[in-house]
4 protein chains.
Amino acid sequence: MSGNTIGKLFTVTTFGESHGLALGAIIDGCPPGLALSEADLQRDLDRRKPGTSRYTTQRREADEVKILSGVFEGKTTGTSIGLLIENQDQRSKDYSKIKDRFRPMHADYSYEQKYGLRDYRGGGRSSARETAMRVAAGAVAKKYLAEKHGVEVRGYLSQLGPIKAEKVDWDVVETNPFFCPDPDKIPEMETFMQALRKSGDSIGARLTVVASKVPVGLGEPVFDRLDADIAHALMGINAVKGVEIGAGFDCVEARGSEHRDELTPQGFTSNNAGGVLGGISSGQDIVAHIALKPTSSILIPGATIDQQGQPVDVITTGRHDPCVGIRAIPIAEAMLAIVLMDHLLRNRGQNADVHCSTPVIPASRN
Amino acid sequence: MSGNTIGKLFTVTTFGESHGLALGAIIDGCPPGLALSEADLQRDLDRRKPGTSRYTTQRREADEVKILSGVFEGKTTGTSIGLLIENQDQRSKDYSKIKDRFRPMHADYSYEQKYGLRDYRGGGRSSARETAMRVAAGAVAKKYLAEKHGVEVRGYLSQLGPIKAEKVDWDVVETNPFFCPDPDKIPEMETFMQALRKSGDSIGARLTVVASKVPVGLGEPVFDRLDADIAHALMGINAVKGVEIGAGFDCVEARGSEHRDELTPQGFTSNNAGGVLGGISSGQDIVAHIALKPTSSILIPGATIDQQGQPVDVITTGRHDPCVGIRAIPIAEAMLAIVLMDHLLRNRGQNADVHCSTPVIPASRN
Amino acid sequence: MSGNTIGKLFTVTTFGESHGLALGAIIDGCPPGLALSEADLQRDLDRRKPGTSRYTTQRREADEVKILSGVFEGKTTGTSIGLLIENQDQRSKDYSKIKDRFRPMHADYSYEQKYGLRDYRGGGRSSARETAMRVAAGAVAKKYLAEKHGVEVRGYLSQLGPIKAEKVDWDVVETNPFFCPDPDKIPEMETFMQALRKSGDSIGARLTVVASKVPVGLGEPVFDRLDADIAHALMGINAVKGVEIGAGFDCVEARGSEHRDELTPQGFTSNNAGGVLGGISSGQDIVAHIALKPTSSILIPGATIDQQGQPVDVITTGRHDPCVGIRAIPIAEAMLAIVLMDHLLRNRGQNADVHCSTPVIPASRN
Amino acid sequence: MSGNTIGKLFTVTTFGESHGLALGAIIDGCPPGLALSEADLQRDLDRRKPGTSRYTTQRREADEVKILSGVFEGKTTGTSIGLLIENQDQRSKDYSKIKDRFRPMHADYSYEQKYGLRDYRGGGRSSARETAMRVAAGAVAKKYLAEKHGVEVRGYLSQLGPIKAEKVDWDVVETNPFFCPDPDKIPEMETFMQALRKSGDSIGARLTVVASKVPVGLGEPVFDRLDADIAHALMGINAVKGVEIGAGFDCVEARGSEHRDELTPQGFTSNNAGGVLGGISSGQDIVAHIALKPTSSILIPGATIDQQGQPVDVITTGRHDPCVGIRAIPIAEAMLAIVLMDHLLRNRGQNADVHCSTPVIPASRN
């Protein structure tokens, strides 16, 4: 397994380049008996799909996924599930200019050094297009978690450049092109993004993903902690540069007496832990935040070198998102769902015998 | 592999509870021919060791490691390396009071729910004492990386509660009990910690780890990205709640035109990427920051529940670090070294044939 | 990873049912720079393809493989390689009669018990049709091994029911429908198979696979021995019930003084070890033998139970091979190649530093 | 994981050389709540222990195992279990003569080529002494399987050189030094072994291991089949050259009409499958046979080369078993138990939801 597989009992392996023939994935370890159809996967794919608003790339891809195996008469069979999305909009000519030069902050240089050659069309394997398959696979995990355990995995844009969401209204998230949970900030974001687009520049973002009603006990205590595996899954999304669980970096300046989440029979009094204690889910909401860097593909020329090591300028004229963070919400949800699904199966395998006499306390009261 | 193993080609598996008979580890996949003795491991163990200053726990452990296998006539043989530290100072009586109640922000509650029983003495397996073995194993990785590739892995305390280090003088780091790189801040930290100790409270911290002279090309492009694996390894350290690579969360407010690290024949012009492009090392310094929460074991009573779910108070009277972040520096270095070592071997396995004609450019000029 | 992935650094993951839409595979870990086209894979697929002689099933499948990713401008890029074969000849009506009864010696009963439901069409995932993807993936391994290291992986039918090949003429193997290496036995096999077909019965077989010019040093010394991994890969082929390395079960009656392969500067004096010493390749030919049971799908009625547990008769009227062993040769070669490829990369990762002053001695003189 | 770990959810990782300080293992993934003490492990260790009869090596090792972690107040806690056996009888002087020459059929030559150096004392890591830890770990699996599922894992010597056991009386197996199940053959074996010892030679053996009352549904359908994983585990035992499941190589000459195990409501009519259908346990007894080569360490001089590649003679004067097969029975049982345990947990993780309405039929009536 060299980098294209995630998970231990519920595994997802992907293939596909930005401008190749197709993207695909194999999900292995999905329990049998789950009702599953392409429509279940398409909803999240459509949320991630390019070209849906003027704030995202205008590249158009139907991103229609086909289930090739592992489902029989509408139900999963327990065998491996093959998924395929054929690429349609492959304007490879857009990329010929960058064939021999390394776009700053892109993977071009490191790929070239590692592999000695690369598919330069649209970033090849390093393109965020690869994440379509993560979204499709994550939708399977989401469905199982929801149907069998009532777990809900959701996300929102908590910050767009300098603009922070100050309240979280889940009903608003899916009704605006930014996945912004704070209705008061949407006009500000629109204005900001229009100005940004004109400037040819790009901006970073902060996303928050939350899983509710997660069973207590998921996660392994040392290296494969639930928070560690979430960090792995989220940091593995293109452009992510930081991951926080619960209070995250705010804990640096916090005192133990104020930071600790006290337990009462009526529930935890707070959720600074973000739902993970000692690497194991506590039954509180799992809360994670991620930082996404500004898109590196911008219209403003930048300095770089070419394959001979000579200095050259580079400008990216293709179709790109000015803020990759926006479309990353379904991806982050998918990765969180995949990690939870994997740990659910692992925990069930190992701790099916367990009977704990202590009652499970409710999630945070605040 | 249920949580106690990390790595794919260079793997570390650990065992041991805080108040058990011994801690141990097996390192598998260390190349043969590396000169290795217990002294090589002891240096970092001593840096992590409790009881070395009045700012850390007064529990005293010699933490003397024995190499039980895998080394013959002073050199590694390529077979698995067994490590052992026998526990000496096992004052289990300290912990009888918390046997039937769950310390807030500790793993007590989640362990009990997951396993139905737990070794309550000193946190059992969830104790930070387990990390001694990570440090020992990391020292092997560090030695190999340094001897064979000139890689240097180091760390420092970048923030202690509200006090931020404002400059980095590596020569200062090992000469003060805080691993603080800024000589001007040390007196402030001393004053702060003395007041904190008196108050019976604890404080969070931010650490920075840096790996220099890392070969270009380490890391796999999709799920097992180098940054994702670093995030996994660092978030898996007890008390860590956030991980950043390079600019980290600062990238949220940054524009693409200012954030991107441009390439010139003389080197990168900056290192916002933290040494990783597209999940693959770029030859720049690998830079990661982590947030550690304040110690949960404090002298100030807190509310919790007992095993019957009834409300009770808890106070932790054992010997604890008021700031766990301080002693975590060797641990963070060790985890970073283990990840780099694993990816070095993986990359060598897969890309030994590669010849890239593009010259490797120097690390950041800034 | 639940059963559909093999390998650690060179991994193959497959999906697909006998009568589903398609079969597919993802190869992860193939080094970059290998010239690769669909024709490279098609040769072995055609050797395994059904309907090529009257001694195999008359089901007709073109088995045309498409490479969907991981190859750019004719060379592997080092990223994951997606493979696809679309199913064409899906006569599902053949199988409606066995929908609710368990064919003896088939996986029907164990699948039903394990998963609670199954794709009964043609055995679903348990069909040998799944092995087409192993052959395709194995062809990639074979090509790399041959081009970069001169390794040759070949196989033959060493026994068909009671008829044993008594000599090995490699030039004959590919010129007869049985992959028989002994030209004198071919007429006997033809007569035997014609009589067998008339009787509606089936027969077992013994195959031999050989890898020549394998580098010394592949394999890990304890659990992941080369021979253990070969046994795993070969026993994992449908219908295989036994695996031998080198002398195999003949060693039971052998004495140490006659069994040991002595070493001389001119080479080993024999190859009872089958090319593996202490789990590690010795430079001799790797030799493995496998036993394949007679096809369970026969025209002679048999007793079984139905889904209610009631006794019923079953007869298999579909198109089946009277001796599955014949078409299994490319599969066995593929599995051996995949194991060697994986261990080559693993060994290279870990032991690239090694310089051994002892000269490599030639393969067996006999 | 480079060769010293086995299993996916129930994993065993070992270390230790024949003449090193100690042997050790870490068991990861053992469910919590299992009553476990050193005595549970010692029984099988004593069965494997050298020096118990005049038919085995006279090296004396107490082989007393210590449990260092993972057990609290007599029960497993669900965390990793550390095991240790300190070596006592380390007569390294015995081995100085073979320091610079490669014993035929031993791992000396392949280790030297792979690693560039080796611990030559008693075979170092390649010594069968390493298997003591497999036996200890297997005892944990055995206990869990027996207590929670009533599974019984047993083994016997089915053939000693030319002498075949012709009946299986389980009550006899543990009462004779050969683990022979046929009381009539014991005197013959005694005579044979005495003559063999005088001749300074060694002999091969065939062992049979059986697991009864195995739940239906263990094993994954493609690469990680139960039989494939058993083959991997058994072929990974030192000296094993062949593995059979059920009828094994006898199936080569069998016809489908006679080989297939028919199903009736009263049970299967035979067990040629050896308890595995389509890679998945069927509820029948799991039956496996293995071939062990004659001990390579014999008193009769043999030809070999030294580290300079020059021809030399070698004679092994140390204390060795004339038939390694005899002491391998507890090892084979242990490996079978470890595989079953791992697949039990994996299956439970993935298929806990499954309800199959078909009744489980009894094991073979014959």
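Placement of Cβ uses the backbone N, Cα and C atoms for every residue, glycine included.
TrEMBL does not curate its annotations; it predicts them automatically.
Counting only residues at least six positions away in the same chain, the Cβ atoms of C:D63, C:T131, C:A132, C:V135, C:R327, C:P330, C:I331 sit under 8 Å from the Cβ of C:R48 (NADP(+) binding site). The NADP(+) binding site feature in TrEMBL is assigned to C:R48, C:R54.
Note: C:A239 (FMN binding site) has non-local neighbours C:A128, C:L292, C:K293, C:T295, C:V324, C:G325, C:A328, i.e. same-chain residues 6+ apart with C-beta under 8 A of its own C-beta. Annotation comment: TrEMBL describes C:R125, C:S126, C:S127, C:N238, C:A239, C:G278, C:K293, C:P294, C:T295, C:S296, C:S297, C:R319 as FMN binding site.
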Using Cα coordinates, what distance in whole Å links C:R125 (FMN binding site) and C:R54 (NADP(+) binding site)?
25
Would you kindly determine which binding-site residues in the set C:R125, C:S127, C:S297 have their Cβ under 8 angstroms from any Cβ of chain A, listing them in sequence order or replying 'none'?
C:R125
Let's check the environment of C:T295 (FMN binding site): how many other CB atoms sit within 10 Å of its CB?
25
Within 10 angstroms of the C-beta of C:R125 (FMN binding site), what count of other C-beta atoms is obtained when all protein chains are considered?
29
When neighbour density is defined as the number of other C-beta atoms within 10 angstroms of a residue's C-beta, which of the binding-site residues C:S127, C:S297 has the lowest density?
C:S127
Whose Cβ, among the binding-site residues C:R54, C:K293, has more other Cβ atoms within 10 Å than any of the rest?
C:K293
Distance, C:R54 (NADP(+) binding site) to C:S127 (FMN binding site) (CA atoms, angstrom):
20
Filtered binding-site residues - C:R54, C:R125, C:S127 - keeping only those with Cβ under 8 Å from chain D:
C:R125
What does the structure give for the C-alpha distance between C:S297 (FMN binding site) and C:R54 (NADP(+) binding site)? Integer Å is fine.
17
